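Written out below as structure tokens is the structure these notes cover.
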């Protein structure tokens, strides 16, 4: 008899497709600095690409071709984008800007049709909102230099237009003077293994002869506004040569943005030989500013750590050891008599491991905290080792998402094992695993969906496409949820953590206090925040001001110091609560270190008010606060988990030394 085969459901194939697609994107994003280069011969054609228009005033990215710019002859073609680029709002398209290696040229591109009212108003609005054009050549973003108060400042991108201080009119940037730095490279038959934009690959024997040539090691621009005669420009064709143009200094020679005005777009290119080698070409973008400030932050954190370590040392070696020694040297009758006279942590022996309020919630939050902390630590370590180059846009975010998905197994394991410890049974582990898989991702999904509606309404490229929404949902339910359930099942099989003391049936009354204990818990968050806030400034600047952040070595040190401070703060606060006979330490130990998130969010608001003064419009402010809230929640879960686990170990160790009949 033939046995019928079961057809795999459609959801199986959809999940498989999404998983493979994400891994292909992740593989395309992988880039090891210094391992891949592209060499060009004299006369080789090189096309520049364009990314989304960005502004530090609105934080709303828009497509380059949403403005009336010249379009490529073959039509607009989008580059393949990885998961991180899509979430960042990047939209990389081809452009008509064409260069020929080592050929200096002055080129005409196109002339627009007369601007209608909508196009003119849109150009004026983008100019006044300080939008920047982000161009890319050989994976290098274009850079421009400006002098402010005698100081030379470098920027990536160039402005859409220029508005003079009196605001009388707006002028468009329509002429670009490019300088391309090239380094002559001799291949010498060296075999190069590449992991560039096109994915992994080895240069074949046939191509090895082509390795010698010129590498692009710099891409600079001087933007100009030049008013040209439309009648003369109309007679030209794209890529016709024109005379070299000097950038005018008088406003009457600038190209104004007006209705029915025709705008000509032109550019020049000059190739300059440079001693910069290919592996060092990103150094100009990644110059570390304020290294002394980073070191000051680390020294400040070390002082806090040594101070707290001294307190912990006193608690362990003087108070606790002395009390335990006195307690254990007495006979049973003397111990009973001493218990009547004692005060402090020794009186809560029968209550210290009593089930906390909302035990399911604390298990889920600790599990998710382990997941977020593991993701952050592994990402920063890889970035510090140089595996996440800024040349691969979006890779950092893509790597974080992939790590978060696979660390679901750790979240399930920790949350279920903690649940078993509290309840003494594995019953209900499936619901704990499901909640762990859905708690933080659910919060993130709600916040991002609400912000996405704002971005959709603004027609910004920062809006997450519907197709990506489905991809993220499939990743969530096809990778993260199953792995969290597997981790939960492993947690049921792990050895149960046994309490060293029995819990009394009747809870002990907690003495009244002059002030709420939660004030002390909230105040404790200032110490971890002190180790974090300087790096937080640089991170916020890189996110919202478009700067590169690549001092991951400092960030790794700060992360280690933050973990130590959170652990020490939580242990000290837990001991202080036990000394005043307050046995409800579970949640307080979590929020003693987790309360740093409150100060992070308040600092984000301070940064918005005093450092992002140029941010305009309620939509931009709501986006900023929404992303800051999501970051604060993630920090709360991660730091709270550190404090809770360390306090649990401390309390378990402390009371395992007490002999109870």
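The backbone N, Cα and C atoms fix where each Cβ goes, glycine too.
Predicted automatically and left uncurated, TrEMBL annotations should be read as such.
For the ranges 330-352, 468-490, the feature annotated in TrEMBL as transmembrane segment maps to 468-490. The range from 491-517, 518-544 that TrEMBL describes as transmembrane segment is residues 518-544. With Cβ pairs under 8 Å as the measure, the transmembrane segment (361-388) is packed most heavily against 394-414, out of 394-414, 434-456, 550-578, 590-610, 622-655. When the stretches 394-414, 550-578, 590-610, 622-655 are ranked by Cβ pairs under 8 Å to the transmembrane segment (434-456), first place goes to 622-655.
Remark: the transmembrane segment (622-655) contacts the transmembrane segment (550-578), by the rule of 3 or more CB pairs under 8 A. Remote same-chain residues near the transmembrane segment (590-610) are listed as 362, 365-366, 518, 521-522, 524-526, 528-529, 532-533, 536-537, 540, 565-567, 569-570, 573-574, 621, 624-625, 628-629, 631-633, 635-637, 639-644, 647 (criterion: CB distance under 8 Å, separation of at least six residues from the stretch ends).
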